[in-house]
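Working notes, beginning with the structure itself.
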Amino acid sequence: MRYITTHPNEISTQIWNNFSSTEIWSNFSAAKNETQPIRRNQDLANAEVITLAVVIIITVIGNSIVLITLFQRRKKLTRMHLFILHLSVTDLFVAFFNNLPQMIWDITFLFLGTDLLCRLVTYLQSVAMYASSYVLVATAIDRYFAICHPLSSHKWTTARVHVMVFIAWMLSFLFSTPQLFIWSMQFSNIGLTCQATFDPEWTLKFYITWLTVAIWILPTIALTLFYGMMCFAVWKRGRSTLGSSRTRNRSFLTNRVSTRIGQSHLARGFSEEDMEGQSVNYNRGISRAKVRSVALTLSVVACCFICWSPFFVCQMWAAWDENAPYSGAIYTILLLLSSLNSCTNPWIYMIFSVFQHRAKTSRFVNDEETTSVTVLSSRNDIRLMSMKKKLEQTARN
(Lines of atoms letter the chains of each structure in order from A and count residues from 1; the text may use other names and numbers.)
(Lines give C-alpha, C1' and ligand atoms only; values in the text may rest on other atoms or scores of the structure.)
Protein backbone atom coordinates (compact mmCIF):
# COMPACT_ATOMS: atom_id res chain seq x y z
CA MET A 1 0.00 0.00 0.00
CA ARG A 2 1.45 3.34 -1.06
CA TYR A 3 1.63 6.55 0.90
CA ILE A 4 2.72 9.64 -1.00
CA THR A 5 3.17 13.02 0.59
CA THR A 6 1.30 15.76 -1.19
CA HIS A 7 1.98 19.32 -0.06
CA PRO A 8 -0.51 22.13 -0.82
CA ASN A 9 1.59 23.87 -3.46
CA GLU A 10 4.04 21.24 -4.64
CA ILE A 11 4.21 17.48 -4.91
CA SER A 12 6.89 15.42 -3.25
CA THR A 13 6.85 11.68 -3.78
CA GLN A 14 9.15 11.00 -0.86
CA ILE A 15 6.85 8.85 1.29
CA TRP A 16 6.20 5.75 0.87
CA ASN A 17 5.94 2.95 -1.57
CA ASN A 18 5.13 -0.32 0.13
CA PHE A 19 6.07 -3.23 -2.12
CA SER A 20 7.25 -0.51 -4.48
CA SER A 21 8.99 -1.35 -7.70
CA THR A 22 10.14 2.24 -7.88
CA GLU A 23 12.98 3.88 -6.06
CA ILE A 24 12.03 7.53 -6.17
CA TRP A 25 14.05 10.57 -5.25
CA SER A 26 12.40 13.96 -5.02
CA ASN A 27 14.60 16.44 -3.17
CA PHE A 28 12.32 19.36 -2.59
CA SER A 29 13.92 22.64 -1.64
CA ALA A 30 11.53 24.83 0.28
CA ALA A 31 13.70 27.89 -0.11
CA LYS A 32 14.01 27.66 -3.91
CA ASN A 33 10.62 25.97 -4.45
CA GLU A 34 12.27 23.50 -6.86
CA THR A 35 11.66 19.83 -7.39
CA GLN A 36 14.26 17.63 -9.03
CA PRO A 37 13.12 15.16 -11.67
CA ILE A 38 12.27 11.66 -10.50
CA ARG A 39 14.60 8.79 -11.33
CA ARG A 40 13.70 5.12 -11.27
CA ASN A 41 16.09 2.35 -10.28
CA GLN A 42 15.04 -0.23 -12.84
CA ASP A 43 17.18 -3.07 -11.42
CA LEU A 44 15.65 -2.66 -7.99
CA ALA A 45 12.20 -2.37 -9.55
CA ASN A 46 12.67 -5.64 -11.44
CA ALA A 47 13.88 -7.38 -8.28
CA GLU A 48 10.79 -6.21 -6.39
CA VAL A 49 8.42 -7.36 -9.12
CA ILE A 50 10.05 -10.81 -9.18
CA THR A 51 9.90 -11.01 -5.38
CA LEU A 52 6.22 -10.11 -5.33
CA ALA A 53 5.46 -12.63 -8.08
CA VAL A 54 7.19 -15.42 -6.13
CA VAL A 55 5.39 -14.41 -2.92
CA ILE A 56 2.01 -14.45 -4.67
CA ILE A 57 2.64 -17.89 -6.20
CA ILE A 58 3.79 -19.42 -2.89
CA THR A 59 0.86 -17.82 -1.05
CA VAL A 60 -1.73 -19.16 -3.50
CA ILE A 61 -0.23 -22.67 -3.61
CA GLY A 62 0.25 -22.99 0.16
CA ASN A 63 -3.14 -21.65 1.20
CA SER A 64 -4.91 -23.62 -1.54
CA ILE A 65 -3.41 -26.83 -0.14
CA VAL A 66 -4.63 -25.88 3.34
CA LEU A 67 -8.16 -25.10 2.10
CA ILE A 68 -8.36 -28.33 0.08
CA THR A 69 -7.22 -30.35 3.10
CA LEU A 70 -9.80 -28.71 5.34
CA PHE A 71 -12.52 -29.20 2.73
CA GLN A 72 -11.80 -32.93 2.60
CA ARG A 73 -12.42 -33.24 6.34
CA ARG A 74 -15.17 -30.59 6.50
CA LYS A 75 -17.45 -32.84 8.59
CA LYS A 76 -14.85 -33.10 11.37
CA LEU A 77 -13.66 -29.51 11.59
CA THR A 78 -12.96 -28.09 15.04
CA ARG A 79 -13.09 -24.43 15.96
CA MET A 80 -9.34 -24.20 15.51
CA HIS A 81 -9.66 -25.68 12.02
CA LEU A 82 -12.24 -23.02 11.16
CA PHE A 83 -9.92 -20.25 12.28
CA ILE A 84 -7.12 -21.74 10.17
CA LEU A 85 -9.56 -21.72 7.25
CA HIS A 86 -10.35 -18.04 7.80
CA LEU A 87 -6.66 -17.18 8.18
CA SER A 88 -5.96 -18.89 4.86
CA VAL A 89 -8.78 -16.95 3.20
CA THR A 90 -7.29 -13.74 4.63
CA ASP A 91 -3.87 -14.61 3.21
CA LEU A 92 -5.40 -15.22 -0.21
CA PHE A 93 -7.19 -11.88 0.06
CA VAL A 94 -3.82 -10.24 0.74
CA ALA A 95 -2.30 -11.99 -2.28
CA PHE A 96 -5.05 -11.02 -4.75
CA PHE A 97 -6.09 -7.59 -3.47
CA ASN A 98 -2.85 -6.24 -2.03
CA ASN A 99 0.22 -7.90 -3.54
CA LEU A 100 -1.13 -8.50 -7.04
CA PRO A 101 -2.39 -4.93 -7.69
CA GLN A 102 0.84 -3.59 -6.21
CA MET A 103 2.94 -5.78 -8.52
CA ILE A 104 0.99 -4.55 -11.55
CA TRP A 105 1.34 -0.98 -10.32
CA ASP A 106 5.07 -1.51 -9.91
CA ILE A 107 5.37 -2.82 -13.47
CA THR A 108 3.52 0.12 -15.02
CA PHE A 109 5.09 2.71 -12.68
CA LEU A 110 2.07 5.00 -13.24
CA PHE A 111 -1.37 3.82 -12.15
CA LEU A 112 -3.29 2.86 -15.29
CA GLY A 113 -6.95 3.09 -14.37
CA THR A 114 -9.88 5.32 -13.54
CA ASP A 115 -10.33 7.41 -10.43
CA LEU A 116 -12.83 4.88 -9.06
CA LEU A 117 -10.37 2.02 -9.59
CA CYS A 118 -7.64 4.03 -7.88
CA ARG A 119 -9.77 4.51 -4.77
CA LEU A 120 -11.01 0.91 -4.79
CA VAL A 121 -7.54 -0.64 -5.11
CA THR A 122 -6.03 1.39 -2.28
CA TYR A 123 -9.13 0.74 -0.16
CA LEU A 124 -8.87 -3.04 -0.55
CA GLN A 125 -5.13 -2.92 0.13
CA SER A 126 -5.88 -1.30 3.46
CA VAL A 127 -8.65 -3.82 4.21
CA ALA A 128 -6.16 -6.66 3.69
CA MET A 129 -3.77 -5.18 6.25
CA TYR A 130 -6.48 -4.68 8.87
CA ALA A 131 -7.97 -8.14 8.31
CA SER A 132 -4.61 -9.89 8.72
CA SER A 133 -4.29 -8.46 12.22
CA TYR A 134 -7.90 -8.64 13.37
CA VAL A 135 -8.54 -12.26 12.34
CA LEU A 136 -5.43 -13.20 14.32
CA VAL A 137 -6.85 -11.38 17.35
CA ALA A 138 -10.15 -13.26 16.95
CA THR A 139 -8.20 -16.54 16.89
CA ALA A 140 -6.34 -15.54 20.05
CA ILE A 141 -9.63 -14.75 21.82
CA ASP A 142 -10.99 -18.20 20.96
CA ARG A 143 -7.82 -19.94 22.18
CA TYR A 144 -7.87 -17.86 25.37
CA PHE A 145 -11.34 -19.08 26.30
CA ALA A 146 -10.47 -22.66 25.30
CA ILE A 147 -7.46 -22.68 27.65
CA CYS A 148 -8.44 -20.35 30.50
CA HIS A 149 -12.24 -20.84 30.53
CA PRO A 150 -12.83 -24.36 29.13
CA LEU A 151 -16.32 -24.76 30.63
CA SER A 152 -17.72 -21.68 28.92
CA SER A 153 -15.71 -22.44 25.78
CA HIS A 154 -17.45 -25.82 25.34
CA LYS A 155 -20.72 -23.94 24.80
CA TRP A 156 -19.30 -22.11 21.80
CA THR A 157 -20.50 -23.32 18.43
CA THR A 158 -18.98 -23.00 14.98
CA ALA A 159 -21.46 -20.19 14.34
CA ARG A 160 -19.70 -18.09 16.97
CA VAL A 161 -16.41 -18.56 15.13
CA HIS A 162 -17.95 -17.17 11.95
CA VAL A 163 -19.47 -14.27 13.91
CA MET A 164 -16.09 -13.34 15.41
CA VAL A 165 -14.40 -13.44 12.01
CA PHE A 166 -17.28 -11.46 10.48
CA ILE A 167 -16.79 -8.73 13.09
CA ALA A 168 -13.05 -8.66 12.31
CA TRP A 169 -13.76 -8.18 8.61
CA MET A 170 -16.41 -5.51 9.23
CA LEU A 171 -13.98 -3.52 11.36
CA SER A 172 -11.40 -3.86 8.59
CA PHE A 173 -13.79 -2.50 5.96
CA LEU A 174 -14.92 0.30 8.29
CA PHE A 175 -11.45 1.49 9.33
CA SER A 176 -10.29 1.49 5.70
CA THR A 177 -12.91 3.99 4.50
CA PRO A 178 -10.52 7.00 4.72
CA GLN A 179 -8.64 5.48 1.79
CA LEU A 180 -11.63 6.23 -0.45
CA PHE A 181 -11.24 9.96 0.21
CA ILE A 182 -7.46 10.28 0.52
CA TRP A 183 -6.57 8.65 -2.79
CA SER A 184 -7.50 9.89 -6.26
CA MET A 185 -6.16 10.28 -9.79
CA GLN A 186 -4.06 13.45 -9.98
CA PHE A 187 -1.46 15.07 -12.19
CA SER A 188 1.99 15.13 -10.63
CA ASN A 189 5.59 15.54 -11.69
CA ILE A 190 5.53 11.90 -12.84
CA GLY A 191 2.31 12.25 -14.82
CA LEU A 192 -1.32 11.31 -14.19
CA THR A 193 -1.33 8.68 -11.46
CA CYS A 194 -3.08 7.51 -8.29
CA GLN A 195 -1.80 9.35 -5.25
CA ALA A 196 -2.83 10.50 -1.81
CA THR A 197 -3.58 14.04 -0.69
CA PHE A 198 -2.75 15.19 2.84
CA ASP A 199 -3.61 18.83 3.41
CA PRO A 200 -2.64 20.24 5.85
CA GLU A 201 0.66 18.41 6.15
CA TRP A 202 0.14 17.23 9.74
CA THR A 203 -2.71 14.97 8.59
CA LEU A 204 -0.11 12.66 7.02
CA LYS A 205 1.58 12.09 10.39
CA PHE A 206 -1.78 11.61 12.05
CA TYR A 207 -2.98 9.07 9.48
CA ILE A 208 0.22 7.00 9.45
CA THR A 209 0.28 7.01 13.25
CA TRP A 210 -3.34 5.86 13.32
CA LEU A 211 -2.59 3.01 10.91
CA THR A 212 0.39 1.92 13.00
CA VAL A 213 -1.63 1.96 16.21
CA ALA A 214 -4.76 0.30 14.78
CA ILE A 215 -3.04 -2.38 12.69
CA TRP A 216 0.15 -3.10 14.61
CA ILE A 217 0.44 -1.69 18.14
CA LEU A 218 -3.04 -2.42 19.57
CA PRO A 219 -3.29 -5.95 18.05
CA THR A 220 0.24 -6.71 19.30
CA ILE A 221 -0.69 -5.62 22.83
CA ALA A 222 -3.90 -7.69 22.72
CA LEU A 223 -2.11 -10.77 21.39
CA THR A 224 0.63 -10.43 24.01
CA LEU A 225 -1.92 -10.25 26.83
CA PHE A 226 -4.01 -13.18 25.59
CA TYR A 227 -1.07 -15.48 24.93
CA GLY A 228 0.63 -14.43 28.15
CA MET A 229 -2.44 -15.50 30.13
CA MET A 230 -2.69 -18.72 28.13
CA CYS A 231 0.93 -19.66 28.72
CA PHE A 232 0.52 -18.96 32.44
CA ALA A 233 -2.64 -21.09 32.57
CA VAL A 234 -0.92 -23.98 30.76
CA TRP A 235 2.09 -23.76 33.08
CA LYS A 236 -0.11 -23.61 36.19
CA ARG A 237 -2.31 -26.48 35.03
CA GLY A 238 0.76 -28.53 34.15
CA ARG A 239 2.05 -28.27 37.72
CA SER A 240 -1.31 -29.20 39.25
CA THR A 241 -1.76 -32.10 36.81
CA LEU A 242 1.69 -33.45 37.68
CA GLY A 243 0.90 -33.38 41.39
CA SER A 244 -2.51 -35.04 41.01
CA SER A 245 -1.01 -37.68 38.70
CA ARG A 246 1.53 -38.66 41.36
CA THR A 247 -1.23 -38.86 43.96
CA ARG A 248 -3.33 -41.13 41.72
CA ASN A 249 -0.35 -43.39 41.05
CA ARG A 250 0.36 -43.82 44.77
CA SER A 251 -3.31 -44.51 45.46
CA PHE A 252 -3.48 -47.06 42.69
CA LEU A 253 -0.37 -48.92 43.88
CA THR A 254 -1.86 -49.13 47.38
CA ASN A 255 -5.12 -50.55 46.01
CA ARG A 256 -3.20 -53.05 43.87
CA VAL A 257 -1.25 -54.34 46.89
CA SER A 258 -4.43 -54.65 48.95
CA THR A 259 -6.17 -56.62 46.24
CA ARG A 260 -3.27 -59.07 46.08
CA ILE A 261 -3.58 -59.66 49.84
CA GLY A 262 -7.26 -60.23 50.34
CA GLN A 263 -9.44 -59.24 47.36
CA SER A 264 -10.09 -60.36 43.82
CA HIS A 265 -7.70 -58.71 41.35
CA LEU A 266 -10.03 -59.19 38.41
CA ALA A 267 -12.94 -57.66 40.28
CA ARG A 268 -11.13 -54.48 41.31
CA GLY A 269 -7.45 -54.09 40.44
CA PHE A 270 -7.62 -54.56 36.66
CA SER A 271 -10.82 -52.57 36.23
CA GLU A 272 -9.46 -49.67 38.27
CA GLU A 273 -6.27 -49.71 36.25
CA ASP A 274 -8.23 -49.66 33.03
CA MET A 275 -10.44 -46.80 34.16
CA GLU A 276 -7.51 -44.84 35.54
CA GLY A 277 -5.50 -45.33 32.37
CA GLN A 278 -8.36 -44.09 30.23
CA SER A 279 -8.84 -41.06 32.45
CA VAL A 280 -5.18 -40.09 32.36
CA ASN A 281 -4.93 -40.56 28.60
CA TYR A 282 -8.11 -38.56 28.07
CA ASN A 283 -6.87 -35.64 30.14
CA ARG A 284 -3.46 -35.72 28.52
CA GLY A 285 -5.03 -35.81 25.05
CA ILE A 286 -7.06 -32.66 25.66
CA SER A 287 -4.08 -30.89 27.21
CA ARG A 288 -1.80 -31.76 24.32
CA ALA A 289 -4.36 -30.67 21.73
CA LYS A 290 -4.89 -27.31 23.41
CA VAL A 291 -1.20 -26.69 23.93
CA ARG A 292 -0.54 -27.61 20.30
CA SER A 293 -3.19 -25.17 19.08
CA VAL A 294 -1.69 -22.41 21.23
CA ALA A 295 1.79 -23.16 19.88
CA LEU A 296 0.44 -23.07 16.32
CA THR A 297 -1.28 -19.70 16.61
CA LEU A 298 1.61 -18.30 18.64
CA SER A 299 3.98 -19.22 15.79
CA VAL A 300 1.71 -17.44 13.30
CA VAL A 301 1.57 -14.36 15.55
CA ALA A 302 5.36 -14.32 15.96
CA CYS A 303 5.84 -14.59 12.20
CA CYS A 304 3.34 -11.77 11.64
CA PHE A 305 5.12 -9.55 14.16
CA ILE A 306 8.55 -10.20 12.64
CA CYS A 307 7.33 -9.49 9.10
CA TRP A 308 5.29 -6.37 9.84
CA SER A 309 7.53 -4.67 12.42
CA PRO A 310 10.12 -3.30 9.94
CA PHE A 311 7.34 -1.98 7.71
CA PHE A 312 5.59 0.06 10.40
CA VAL A 313 8.85 1.23 11.97
CA CYS A 314 9.96 2.55 8.58
CA GLN A 315 6.57 4.16 7.99
CA MET A 316 6.64 5.99 11.31
CA TRP A 317 10.25 7.01 10.82
CA ALA A 318 9.55 8.46 7.40
CA ALA A 319 6.42 10.25 8.62
CA TRP A 320 8.02 11.97 11.61
CA ASP A 321 11.59 12.49 10.41
CA GLU A 322 12.18 14.64 7.33
CA ASN A 323 15.72 13.26 7.04
CA ALA A 324 14.67 9.61 7.13
CA PRO A 325 16.36 7.39 4.48
CA TYR A 326 13.09 6.62 2.74
CA SER A 327 14.77 5.32 -0.40
CA GLY A 328 17.43 2.76 -1.22
CA ALA A 329 17.76 -1.00 -1.38
CA ILE A 330 17.83 -1.58 2.39
CA TYR A 331 14.67 0.45 2.98
CA THR A 332 12.92 -1.35 0.13
CA ILE A 333 13.90 -4.78 1.48
CA LEU A 334 12.51 -3.88 4.92
CA LEU A 335 9.21 -2.89 3.33
CA LEU A 336 9.10 -6.11 1.31
CA LEU A 337 9.36 -8.23 4.48
CA SER A 338 5.69 -7.58 5.22
CA SER A 339 4.66 -9.37 2.03
CA LEU A 340 6.27 -12.60 3.29
CA ASN A 341 3.72 -13.01 6.08
CA SER A 342 0.90 -14.26 3.86
CA CYS A 343 3.08 -16.94 2.23
CA THR A 344 4.63 -18.33 5.44
CA ASN A 345 1.40 -19.03 7.37
CA PRO A 346 0.22 -22.10 5.37
CA TRP A 347 3.61 -23.77 5.73
CA ILE A 348 3.43 -23.26 9.50
CA TYR A 349 0.05 -25.05 9.47
CA MET A 350 1.52 -27.91 7.46
CA ILE A 351 4.54 -28.31 9.74
CA PHE A 352 2.33 -28.49 12.83
CA SER A 353 0.03 -30.94 11.04
CA VAL A 354 2.99 -33.26 10.35
CA PHE A 355 4.12 -33.11 13.98
CA GLN A 356 0.56 -33.76 15.15
CA HIS A 357 0.29 -36.83 12.91
CA ARG A 358 3.59 -38.17 14.23
CA ALA A 359 2.53 -37.55 17.82
CA LYS A 360 -0.74 -39.43 17.29
CA THR A 361 1.08 -42.34 15.64
CA SER A 362 3.61 -42.53 18.48
CA ARG A 363 0.88 -42.35 21.11
CA PHE A 364 -1.09 -45.10 19.34
CA VAL A 365 1.95 -47.39 19.34
CA ASN A 366 2.64 -46.68 23.01
CA ASP A 367 -0.99 -47.37 23.92
CA GLU A 368 -0.86 -50.70 22.10
CA GLU A 369 2.33 -51.70 23.93
CA THR A 370 0.86 -50.64 27.28
CA THR A 371 -2.34 -52.60 26.61
CA SER A 372 -0.37 -55.72 25.66
CA VAL A 373 1.73 -55.56 28.82
CA THR A 374 -1.37 -55.02 30.96
CA VAL A 375 -3.21 -57.96 29.40
CA LEU A 376 -0.20 -60.27 29.82
CA SER A 377 0.19 -59.18 33.43
CA SER A 378 -3.49 -59.85 34.09
CA ARG A 379 -3.28 -63.30 32.50
CA ASN A 380 -0.29 -64.17 34.67
CA ASP A 381 -2.20 -63.03 37.75
CA ILE A 382 -5.14 -65.23 36.76
CA ARG A 383 -2.86 -68.23 36.34
CA LEU A 384 -1.23 -67.62 39.71
CA MET A 385 -4.63 -67.36 41.38
CA SER A 386 -5.74 -70.57 39.70
CA MET A 387 -2.61 -72.40 40.81
CA LYS A 388 -3.05 -71.04 44.32
CA LYS A 389 -6.62 -72.33 44.49
CA LYS A 390 -5.53 -75.75 43.26
CA LEU A 391 -2.80 -75.90 45.91
CA GLU A 392 -5.29 -74.92 48.62
CA GLN A 393 -7.74 -77.61 47.48
CA THR A 394 -4.95 -80.21 47.41
CA ALA A 395 -3.89 -79.24 50.92
CA ARG A 396 -7.47 -79.58 52.18
CA ASN A 397 -7.84 -83.03 50.64
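Glycine residues also receive a Cβ, built from the backbone N, Cα and C atoms like all the rest.
Around the Cβ of CYS118 (disulfide bond), a 10 Å sphere holds 21 further Cβ atoms from the protein chains shown. Among the features that Swiss-Prot reports, disulfide bond is placed at CYS118-CYS194.
Look at Swiss-Prot and you will find ASN18 (among others) tagged as N-linked glycosylation site.
What Swiss-Prot lists as N-linked glycosylation site is ASN27 (among others), and the listing cites sequence analysis.
Sequence annotations record features per position, and here Swiss-Prot assigns N-linked glycosylation site to ASN33 (among others) based on sequence analysis.
The topological domain 'Extracellular' feature in Swiss-Prot is assigned to 1-48 (among others).
According to Swiss-Prot, the feature topological domain 'Cytoplasmic' maps to 70-91 (among others), an assignment based on sequence analysis. If one looks beyond the topological domain 'Cytoplasmic' (70-91) by at least 6 residues along the same chain, the residues whose Cβ comes under 8 Å of a Cβ in the stretch are 59, 63, 128, 131-132, 135-136, 138-139, 142-143, 146, 156, 158, 161-162, 165, 293, 296-297, 300, 341-343, 345-346, 349.
The topological domain 'Extracellular' annotation in Swiss-Prot covers 113-120 (among others). Residues 179-180, 183-185, 194 of the same chain, all 6+ positions outside the topological domain 'Extracellular' (113-120), place their C-beta atoms under 8 angstroms from a C-beta of that stretch.
Under DSSP, the residues of the topological domain 'Cytoplasmic' (142-162) split into helix, strand and coil as follows: 16 helix, 0 strand, 5 coil. According to Swiss-Prot, the feature topological domain 'Cytoplasmic' maps to 142-162 (among others), an assignment based on sequence analysis.
What Swiss-Prot lists as topological domain 'Extracellular' is 184-205 (among others), and the listing cites sequence analysis. When the topological domain 'Extracellular' (184-205) is classified with DSSP, helix, strand and coil residues number 4 helix, 11 strand, 7 coil.
Taken from Swiss-Prot, the feature topological domain 'Cytoplasmic' applies to 227-293 (among others).
Swiss-Prot lists 315-331 (among others) with the feature topological domain 'Extracellular', giving sequence analysis as the kind of evidence.
Sequence annotations record features per position, and here Swiss-Prot assigns topological domain 'Cytoplasmic' to 353-397 (among others).
Look at Swiss-Prot and you will find 49-69 (among others) tagged as transmembrane segment. The list of residues near the transmembrane segment (49-69) in space but at least 6 beyond its ends in sequence, with Cβ under 8 angstroms from a Cβ of it, reads 19, 21, 84-85, 88-89, 91-92, 94-95, 99-100, 102-103, 106-107, 336, 339-340, 342-343, 345-347, 349-350, 353.
Swiss-Prot lists 92-112 (among others) with the feature transmembrane segment, giving sequence analysis as the kind of evidence.
According to Swiss-Prot, the feature transmembrane segment maps to 121-141 (among others). Residues 1-2, 83, 86-87, 90-91, 93-94, 97-98, 101-102, 105, 111, 113, 164-165, 167-169, 171-173, 175-177, 179-180, 182-183, 194, 196, 211, 214-216, 219, 222-223, 226-227, 297, 300-301, 304, 341-342 of the same chain lie 6+ residues outside the transmembrane segment (121-141) yet bring a C-beta within less than 8 angstroms of a C-beta in it.
Marked as transmembrane segment by Swiss-Prot: 163-183 (among others).
DSSP assigns CYS118 (disulfide bond) to a helix.
Against the transmembrane segment (206-226), stretch 294-314 has more CB pairs under 8 A than any other of 163-183, 294-314, 332-352.
Long-range neighbours of the topological domain 'Cytoplasmic' (142-162) within the same chain, counting only residues 6 or more positions beyond its ends whose Cβ lies under 8 Å from a Cβ of the stretch, are 77, 79-80, 82-83, 86, 226-227, 229-230, 233-234, 290, 293-294, 297.
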